[in-house]
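Asker: This structure is in structure tokens; I'll ask about it shortly.
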Amino acid sequence: MVVKNRAGIFLALLVIFFWGISFVAIKIVVDVIPPITMATLRFTISWLILWLFARITIKERKLPSKAKRLSILAGLWGITFYFIFENFGVNFTTPSQASLLISTVPIFTIIIADIVRRKSSSVRLYLMSFLSLVGVSIIIFSNGFDLRGDTLGDFLILGAAVTWGMYTLYVDKLSEYDNLLTTVEMTKWGLIFLIPFAAVEMIMERPDPLKFIKPDVVLWLLFLGILCSGFGYFIWNYSVRVLGSRTSSNFIYLIPVVSVISDSLILKNIPSIWLYIGGGITMIGVIFGEREGRKEEIKEPG
């Protein structure tokens, strides 16, 4: 169990690293490819990789009807709705601000879980979650606060945070089924639901497809499709199963830390001392929140 938990923590951190950089990648790609079309291309790549891997490694590839229904709902919330909100949000706001708002996912996950399960979390878990959010706020708002052109994007990103909280609950219910098969299934349905929106977007915006094949755009799109979505979703779902939805969701607070660092390296932004102060506070909240979340899940019956 200890080895499994350590593996879950390591893999969760690896995915957070990819997802932290993804905000910069999305910002670069949506400047060329419309947001929903970009999400559709991203998950086409992701689904193909996962599908091929499943065909090679798994002999029995059938899921029960219940697992399929849950996968459809997980794909709808965690892929279709989430990336429509996120891609449009990042298009309007900054990657740093978007990463801050996405870090509210654990809060929404706790609220939704408490409503669905009709229970309350411990005061310590709420306090650690709040502490992490304070640290993240210091990082993001260290250079000022300006919502003049970002308000719409901010609300869209908050919408993405809510949909991810819903997605996490469905992934929890899929824990008894094969991780790879359910990931393939939910990716497939998330992609299917995206296609009609992308078709409407292409008709309305009429972008130049030749711009889609610019080398830097292709590389960032492959990064998003392979590492952030295909590989990322697979190992994130594994981490949720091992650590539990509440504990794993606390790692999402680290996304803004990675986003700010990737901004400085890729977009040449110089980090301030507030980055390190906020990062330290965030880490304290994540570590103690993770421990508190694990204690609660051990106490839960079943």
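Glycine too: its Cβ is placed from the backbone N, Cα and C atoms.
Checked TrEMBL, it gives:
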- 7-30: transmembrane segment (TRANSMEM)
- 7-140: domain 'EamA' (DOMAIN)
- 36-58: transmembrane segment (TRANSMEM)
- 70-90: transmembrane segment (TRANSMEM)
- 96-113: transmembrane segment (TRANSMEM)
- 125-145: transmembrane segment (TRANSMEM)
- 151-169: transmembrane segment (TRANSMEM)
- 152-288: domain 'EamA' (DOMAIN)
- 189-205: transmembrane segment (TRANSMEM)
- 217-238: transmembrane segment (TRANSMEM)
- 250-267: transmembrane segment (TRANSMEM)
- 273-289: transmembrane segment (TRANSMEM)
Asker: Under a Cβ pair cut-off of under 8 Å, which of the recorded stretches 36-58, 96-113, 151-169, 189-205, 273-289 contacts the transmembrane segment (217-238) most often?
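Answerer: Between the stretches 36-58, 96-113, 151-169, 189-205, 273-289, 36-58 has the largest tally.
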Asker: Where else in the chain does the transmembrane segment (70-90) make close Cβ contacts, counting only residues six or more beyond its ends and a cut-off under 8 Å?
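Answerer: Hits for the transmembrane segment (70-90): 23, 26-27, 30, 35-36, 38-39, 42-43, 63, 98, 101-102, 153-157, 159-160, 163-164, 166-168, 170-171, 173-174, 182, 185-194, 197.
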Asker: Six or more residues out from either end of the transmembrane segment (273-289), which same-chain residues have a Cβ under 8 Å from its Cβ atoms?
Answerer: 106, 124-125, 128-140, 142, 247, 250-251, 253-254, 256-257, 260-261
Asker: For the transmembrane segment (7-30), find every same-chain residue at least 6 residues outside the stretch whose CB is under 8 Å from a CB in it, and list them.
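Answerer: Counting only partners 6 or more residues beyond its ends, the transmembrane segment (7-30) has Cβ contacts under 8 Å with 38, 86-87, 90-91, 94-96, 98-99, 216-217, 220-221, 223-224, 227-228, 231-232, 235-236, 238-239, 241-243, 248, 251-252, 254-259, 261-263, 266-267, 290.
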Asker: Can the transmembrane segment (189-205) be said to touch the transmembrane segment (36-58) if we require at least 3 CB pairs below 8 Å and skip pairs under 6 apart in sequence?
Answerer: yes
Asker: Please give the sequence-distant neighbours of the transmembrane segment (151-169): residues at least 6 beyond its ends with Cβ less than 8 Å from one of its Cβ atoms.
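Answerer: Apart from its flanks, the transmembrane segment (151-169) reaches 74, 77-78, 81-83, 85-86, 88-93, 97-98, 101-102, 104-105, 108-109, 111-113, 116, 240, 245, 248-249.
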Asker: Mind checking which residues of the chain, 6+ beyond the ends of the transmembrane segment (96-113), have their Cβ under 8 Å from one of its Cβ atoms?
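Answerer: Long-range Cβ neighbours of the transmembrane segment (96-113): 20, 23, 86, 89-90, 119, 121, 125-126, 129, 132-133, 136-137, 139-141, 150, 153-154, 157-158, 160-162, 164-166, 168-169, 245-246, 249-250, 252-253, 255-256, 258-260, 263, 289.
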Asker: DSSP on the domain 'EamA' (152-288): how many residues come out helix, how many strand, how many coil?
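Answerer: Across the domain 'EamA' (152-288), the residues distribute as 121 helix, 0 strand, 16 coil.
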